[in-house]
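Chemist: According to Swiss-Prot, the protein carries these features:
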CARBOHYD  N55  N-linked glycosylation site
CARBOHYD  N215  N-linked glycosylation site
TRANSMEM  243-269  transmembrane segment
TOPO_DOM  270-526  topological domain 'Cytoplasmic'
DOMAIN    285-479  domain 'B30.2/SPRY'
Amino acid sequence: MAVFPNSCLAGCLLIFILLQLPKLDSAPFDVIGPQEPILAVVGEDAELPCRLSPNVSAKGMELRWFREKVSPAVFVSREGQEQEGEEMAEYRGRVSLVEDHIAEGSVAVRIQEVKASDDGEYRCFFRQDENYEEAIVHLKVAALGSDPHISMKVQESGEIQLECTSVGWYPEPQVQWRTHRGEEFPSMSESRNPDEEGLFTVRASVIIRDSSMKNVSCCIRNLLLGQEKEVEVSIPASFFPRLTPWMVAVAVILVVLGLLTIGSIFFTWRLYKERSRQRRNEFSSKEKLLEELKWKRATLHAVDVTLDPDTAHPHLFLYEDSKSVRLEDSRQKLPEKPERFDSWPCVMGREAFTSGRHYWEVEVGDRTDWAIGVCRENVMKKGFDPMTPENGFWAVELYGNGYWALTPLRTPLPLAGPPRRVGVFLDYESGDIFFYNMTDGSHIYTFSKASFSGPLRPFFCLWSCGKKPLTICPVTDGLEGVMVVADAKDISKEIPLSPMGEDSASGDIETLHSKLIPLQPSQGVP
């Protein structure tokens, strides 16, 4: 009878241990990357390793290497299969997974035929169930250029110009000139210009006036590789002419004539520049008037846009009027719906457009990251599908201190100033979507001749949390007190426009040469 309690205790202990086993499989882990940057030479292969701590198997985990954004990524593997559709075009077909030690939690991504554009920071991301971690891997790309070549040119003044040229360097190399005694001296001018592959072509020139410098060498160094290439040239003594009194007299006369010529050219140039400036200012004023006419006519097609809560990502909080939205760290408990975004922090407008022209404005304020535009009603809302026109998105964004049009290769937008309010104009029949900076009325970007099929809806996205929301502006903000000036040269000819977009009595021909201006400064389009 004394043995029974011990047997019961042992059985209970065994059951407790077995219950803990499933928890061990999904235990938390850390991802560790290399402490030092990975150095790779252009044209060769590079491996970006990461490992798990503790050393548990990475089989079956989601493995992702990416750069600035999670998607599209450099490499994605899910359940042991590469997901090429989620990879960046410039890496597709050049990356593979090195999984020799995957059972010990050590894996790497191999990049074949490294390019200069591959240089920079990468992140490796491991996910298993609800547990995920990431680490940073730095890749340093280097290329040793061609042997330098020195060309020699004797100038009319008797000075000798040497130009040292070499191609195929990365990153930008250092150029140094030396005398035959090993004394270093700087270049008179240098240029380092990248080619289509991102490799630098180096040109450096010097002027030699001292006839004792018979041998001169040009040395180009790659500081990252710690290697250099050098070439030496000998300057014949006959290249240094001897000065005579008559040569000095001729030189003085030439200098005087040169100064007189320069003075005459200078005054002629100033007169030409002044006249050119006047013509340019007149042309610029007309161009600005026409550009203002485009977006102010767009406001005549203004629509009242509101946010659709059924499409909002759980981290997006909509205001009661459905006009403003902000991103929060906390996740709301919302019903799962097929029309709700579950990965990208986005929300659609309630309004769906299948024809006609439509215009609305969004107050972005001083927020540092957002995306605004139009999307098809049936776009993929689950997962990280790239936001491109091919996938049904036509949008512009502010991300990483830069403005971009979300084309397949992301088009940079060189704006004169940051817009605090953005206007969006959709012309369904022509397939055009225009974006305007309503701070100064300038044009931002246009998606032209798009092929629309089915309903289109306004689209909004936030990339970071913040107290300041993204706000859809009321329709009346841009329509009060708008006037048309029939002739840009005569501002006294003002013709009012109907807020509903009806042309005035002057007709369409007169409107083509009109400028929309606010009746009062406080009533214009912001």
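Note that Cβ sites are derived from N, Cα and C of the backbone, with glycine treated the same way.
How buried are these features, and what lies next to them?
Modeler: Cβ neighbour count for N55 (N-linked glycosylation site) (all protein chains, 10 Å cutoff from its Cβ): 13.
N215 (N-linked glycosylation site) falls within a strand when secondary structure is assigned with DSSP.
Per-residue pLDDT, averaged over the topological domain 'Cytoplasmic' (270-526), rounds to 79.
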Chemist: What residues, ordered by sequence, lie under 8 A Cβ-to-Cβ from N215 (N-linked glycosylation site) and sit at least six positions away in the same chain?
Modeler: T179, H180, E232, V233, S234, I235
